[in-house]
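Enquirer: Dropping a structure here in structure tokens format, bear with me for questions.
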Amino acid sequence: MEVSKENGLCLQGRDPLNWGAAAAELQGSHLDEVKKMVEEFRRPVVKLEGVKLKISQVAAVAFGGGASAVELAESARAGVKASSDWVLESVDKGTDSYGVTTGFGATSHRRTKQGGALQKELIKFLNAGIFGSGNSNTLPSAATRAAMLVRINTLLQGYSGIRFEILKAIATLLNKNITPCLPLRGTITASGDLVPLSYLAGILTGRPNSKARTPNGSTVDATTAFRLAGISSGFFDLQPKEGLALVNGTAVGSGVASIVLFETNILAVMAELLSALFCEVMQGKPEFTDHLTHKLKHHPGQIEAAAVMEHILEGSSYMKMAKKLHEMDPLQKPKQDRYALRTSPQWLGPQIEVIRAATKSIEREINSVNDNPLIDVSRNKALHGGNFQGTPIGVSMDNTRLAIAAIGKLMFAQFSELVNDFYNNGLPSNLSSGRNPSLDYGFKGAEIAMASYCSELQALANPVTNHVQSAEQHNQDVNSLGLISSRKTAEAVDILKLMSTTFLVGLCQAVDLRHLEENLKNAVKNTVSQVAKRVLTMGVNGELHPSRFCEKDLIKVIDREYVFAYADDPCSSTYPLMQKLRAVIVEHALNNGVKEKDSNTSIFQKISSFENELKAALPKEVEAARAEFENGSPAIENRIKDCRSYPLYKFVKEVGSGFLTGEKVVSPGEEFDKVFNAICEGKAIDPMLDCLKEWNGAPLPIC
């Protein structure tokens with residue numbers, strides 16, 4: 001809040017309630033925000049000042065394992081020292097202060113003059129977590145590192161009564177990748193994350209039960225942790241208020257939330273791109289992205305999602321081909337696509353708005369002072385309040401998890417259409433691409449897995465914050481459950497990655513199938529045309545035959561017929577191709593009139609020789625076209641290379657995921673693993689942004 005002084009009075013600025021600042025944070029596009037996050041994530045140094053920390057920086061330190069160096073702004077030292085000195089001076093004066101001379105929480109009526117001993121007892125009784133054997137009950141190192149960074153940042157603002165040297169020690173642990181072991185469970189994030197943060201304090205004070213992880217993953221005690229980190233000053237004897245300053249904050253919940261939201265923002269952009277690629281391989285109608293439709297709805301998330309998809313689809317080679325296909329027999333085809341495609345901007349837009357709002361809420365939280373009491377040196381007083389209540393975390397994470405579940409539901413709906421040959425405009429059932437469909441079930445198992453992922457994701461979407469229990473002798477009778485909600489949202493992010501991986505690999509399989517489809521169709525058309533010219537053009541005496549007019553209509557049959565409906569046995573009489581080719585010749589024969597009675601001009605009599613020659617030639621040509629495709633030398637190039645979605649396809653291929661066929665030993669899951677690991681390592685980020693590098697941030701003009 002801006003404050004100016006005039007005539008000795010403190011006057012509030014123009015935005016005393018901070019609504020204006022909150023609204024200003026949402027200026028600009030979501031994509032630009034994500035680009036900025038990525039840029040911040042990749043910076044080598046995170047400098048903490050107390051007020052400018054970003055979720056991307058938290059993620060960088062959390063995931064970096066010391067690669068992103070943490071520096072503390074020297075400008076913060078004086079303020080931190082002033083509050084620390086104030087506490088000591090108040091103790092010397094005999095001032096009665098909560099957590100300094102009093103007990104804690106519901107037992108704050110107790111009094112003591114042993115301030116240092118009180119802080120030791122605080123850390124000891126809060127060491128109530130359970131680790132068990134193994135690591136399943138230990139907070140992941142990335143989450144702990146995030147919490148450490150956030151706690152330093154909030155304490156740097158100088159309202160907490162803690163020494164600057166303690167904050168430097170935490171930063172050193174981060175930079176040396178020495179990570180205290182914190183319990184996974186046991187906090188209600190009000191009063192802050194007391195139990196887990198007490199284990200950070202335990203390392204700093206050298207408690208014998210404290211453990212830490214080293215860079216190689218081994219577990220060591222506090223003494224070894226300090227030695228490996230190069231902290232030669234020894235363990236800290238906590239001064240009055242310092243233990244409370246360390247544990248009474250929301251850093252664990254907000255730290256995990258920061259990691260979660262960094263990944264969620266990226267996955268939201270991926271969902272937009274996958275929807276556009278889905279439109280391409282499904283031969284959809286891009287009209288659903290027209291700006292006027294979305295302008296009339298007014299919601300910015302929807303407008304941007306549509307504009308992103310519109311940009312990908314503009315000039316797409318697939319969309320040009322789809323337009324020609326839709327122009328054939330338009331009255332026999334659906335006028336519009338199903339909801340999973342047609343309303344994808346309307347579906348994704350609100351989720352992106354929720355994710356953006358949650359991101360800004362958490363960024364406010366990680367830059368807040370959130371312990372109690374707060375030391376106001378300027379007014380010479382300690383303020384007793386409740387900034388440790390992590391409600392912004394619990395609410396933001398519940399909302400984010402709902403948004404993630406909605407994105408996952410859309411992906412599942414789109415994937416279900418993609419693998420279903422009743423809906424996918426000619427792609428084979430299960431996206432199977434082998435020569436024998438009876439021995440190739442492609443993505444059938446993947447669809448079952450997607451149903452499982454989606455179900456679990458929807459179960460996780462249930463809110464955490466409506467399960468509050470009164471705690472600590474009814475002193476903490478309402479509490480945020482912030483870390484619990486953050487942890488559940490982290491689980492949801494992991495599942496959405498599984499779904500995004502499966503869907504992306506499926507879409508790339510569909511891209512390859514469209515490529516194969518074009519080459520097979522080209523081979524069929526050429527073969528039918530050649531056979532028609534040889535058999536149907538001339539009569540027995542060298543004269544032009546009435547059947548020569550069949551060729552054009554025979555080619556139309558091939559254009560209209562789905563290739564994969566007959567590709568495994570193109571001349572089978574039970575498949576539609578041969579049936580419809582014969583029907584063309586029969587129709588011409590019926591229209592041949594009296595000429596049909598003359599054996600020299602009869603079209604009926606050409607059917608047998610036409611079919612026999614076709615049966616001799618077509619299977620060989622189809623197999624040759626398939627072999628050329630598999631050898632990387634197809635007659636027709638893959639049109640994905642002319643599309644803005646190409647970088648995503650290229651990414652999948654470059655990580656080693658290939659074209660799945662029934663003849664290969666490799667399973668779908670093996671291909672998914674390659675892409676999943678790459679996504680988890682952040683390798684999909686640049687290809688995603690490359691898809692949108694030409695976008696100017698605005699929809700196409702309405703004209």
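Cβ atoms are placed via backbone N, Cα and C, with glycine included.
Grabbed the feature section from Swiss-Prot, which reads as follows:
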- TYR98: active site, proton donor/acceptor (ACT_SITE)
- SER191: 2,3-didehydroalanine (Ser) (MOD_RES)
- ASN248, GLN336, ARG342, ASN372, LYS444, GLU472, ASN475: (E)-cinnamate binding site (BINDING)
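Burial and contacts for the listed features, if you can.
Expert: TYR98 (active site, proton donor/acceptor) falls outside any helix or strand according to DSSP and counts as coil.
DSSP classifies SER191 (2,3-didehydroalanine (Ser)) as coil under the three-state reduction.
A sphere of 10 angstroms centred on the C-beta of GLU472 ((E)-cinnamate binding site) encloses 16 other C-beta atoms. GLU472 ((E)-cinnamate binding site) falls outside any helix or strand according to DSSP and counts as coil.
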Enquirer: Using Cα coordinates, what distance in whole Å links SER191 (2,3-didehydroalanine (Ser)) and ASN248 ((E)-cinnamate binding site)?
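Expert: Spelling it out, the Cα of SER191 (2,3-didehydroalanine (Ser)) and the Cα of ASN248 ((E)-cinnamate binding site) are 6 Å apart.
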Enquirer: For each of SER191, ASN248, GLN336, ASN372, count the other CB atoms within 10 A of its CB; which of these recorded positions has the top count?
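Expert: Highest number of other Cβ atoms within 10 Å: SER191.
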Enquirer: Please report the three-state DSSP label of ASN372 ((E)-cinnamate binding site).
Expert: coil
Enquirer: In whole Å, how far is GLU472 ((E)-cinnamate binding site) from TYR98 (active site, proton donor/acceptor) when you measure between their Cα atoms?
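Expert: Cα to Cα, TYR98 (active site, proton donor/acceptor) and GLU472 ((E)-cinnamate binding site) are separated by 16 Å.
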Enquirer: DSSP three-state call for ASN248 ((E)-cinnamate binding site): helix, strand or coil?
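Expert: Going by the DSSP assignment, ASN248 ((E)-cinnamate binding site) belongs to neither helix nor strand, so it counts as coil.
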Enquirer: Within a 10 Å radius of its Cβ, which of these binding-site residues (ARG342, LYS444) has the fewest neighbouring Cβ atoms?
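Expert: Taking ARG342, LYS444 as the binding-site residues, the minimal 10 Å Cβ count falls on LYS444.
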Enquirer: With every protein chain in view, how many other Cβ atoms are within 10 Å of the Cβ of ASN475 ((E)-cinnamate binding site)?
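Expert: There are 13 such Cβ atoms around ASN475 ((E)-cinnamate binding site).
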